[in-house]
Ligand code: NI
């Protein structure tokens, strides 16, 4: 499977970033230390998604940072993204893998130990796990907590990216479980100074990892 | 480009057909004379779309009728559909063609003469044109009328599929313009007896074509 640094995984949010600020926001996140960008949009048409993903891809390419597209395999292929991330309500990873081949990264969201266990035998490159803490980004996200994350780290044969309500204050708790990768949305894109917010988070991760 | 009989082009509608009735509805439409099925869904997640498109594909394969997926190139590839149909808010046809290659059908919705003219130099296999009549299926659909359709038929080098508010009563007006293909949604899937509604429409088309 493809090598990828998942340690500071930044996910875009259409409610936090205005379309006209997307390139700048992603550039700040990357400059601050984001190691991978995920483009996620749930309320845009295909044309808008393609345009936005194209903009982000250009920034990612400039810095040699991989771009992963959430859910939409067609958009990922259309902009030549480095990978696709799917959730439990998206296409099956076997189906996605058949379409994208083995040159692109494939990630899967998991929410409980059963899904983590199942993912051990699926053709994925990493799993997301969460929500670790309560979050405002995803409504009704089930909180799994640090104790469950410890079990996930033991159970999973895939790299694990912790997600959900993680910020520079609580990220140390995540890293103490042995988890080496964190995904953030509002902790950086909800900040007025995305660069500094990312840099602050990055510093804690590099120290605690 | 691929050969396809577009004469009675049936488009599914998630507001008219319950998910559990989808296979039966499509089978009735095909038995009644539909020559091509388009799967269209705007309010479903990728997993649901894949499942529904898979169900429809099975019915289409049973009768040797092509399946075209609206907008979602990834779903089309995932279920091995015969083609993709995109609108002006979807991916560019050049981008879609690059992804699907030339073995799959590619259709494009057009709404005015300018778009029809432009489509003459695009890598599409057919164009949709409408709305011909007022329709309840698409909110705020602009009505173009029979007179404009006449011009479209003269202007387009692509096969034209007329769409929008067409039923067994007014379809003769459409055919009299020289247009040989009609797309319908509610005229058949809005009927209590989809088979009979399709058959009635088919009879007029075969006579008037
Ligand atoms: Ni800048």
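Note: Cβ is positioned from N, Cα and C throughout, glycine not excepted.
What TrEMBL says about a protein is an automatic prediction, not a curated fact.
TrEMBL has this to say about the protein:
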DOMAIN    B:8-188  domain 'Thiamine phosphate synthase/TenI'
BINDING   B:38, B:39, B:40, B:41, B:42, B:70, B:109, B:138  4-amino-2-methyl-5-(diphosphooxymethyl)pyrimidine binding site
BINDING   B:71, B:90  Mg(2+) binding site
(message) Cβ within less than 8 Å of a chain A Cβ is the test here; which of the binding-site residues B:39, B:41, B:42 meet it?
(response) none
(request) Give me the non-local Cβ neighbours of residue B:90 (Mg(2+) binding site): same chain, 6+ apart in sequence, Cβ-Cβ under 8 Å, ordered along the sequence. (result) B:71, B:96
(message) With Cβ-Cβ distance below 8 Å and at least 6 positions apart along the chain, what are the contacts of residue B:38 (4-amino-2-methyl-5-(diphosphooxymethyl)pyrimidine binding site)? List them in sequence order.
(response) B:9, B:10, B:11, B:12, B:67, B:68, B:69, B:70, B:85, B:183
(request) Restricting to the same chain and to sequence separations of six or more, state which residues have a Cβ under 8 Å from that of residue B:109 (4-amino-2-methyl-5-(diphosphooxymethyl)pyrimidine binding site). (result) B:85, B:86, B:87, B:88, B:127, B:128, B:129, B:130, B:163
(request) For residue B:40 (4-amino-2-methyl-5-(diphosphooxymethyl)pyrimidine binding site), list the number of other Cβ atoms lying within 10 Å of its Cβ atom. (result) 19
(message) With DSSP assignments reduced to helix, strand and coil, which class does residue B:41 (4-amino-2-methyl-5-(diphosphooxymethyl)pyrimidine binding site) get?
(response) coil
(message) Using Cβ atoms only, which residues of the same chain lie under 8 Å from residue B:41 (4-amino-2-methyl-5-(diphosphooxymethyl)pyrimidine binding site) while being at least 6 residues apart in sequence?
(response) B:12, B:14, B:48, B:49, B:52, B:70
(message) Using DSSP and collapsing to three states, where does residue B:90 (Mg(2+) binding site) fall: helix, strand or coil?
(response) coil
(request) Restricting to the same chain and to sequence separations of six or more, state which residues have a Cβ under 8 Å from that of residue B:39 (4-amino-2-methyl-5-(diphosphooxymethyl)pyrimidine binding site). (result) B:12, B:49, B:52, B:53, B:56, B:67, B:68, B:69, B:70, B:75, B:81
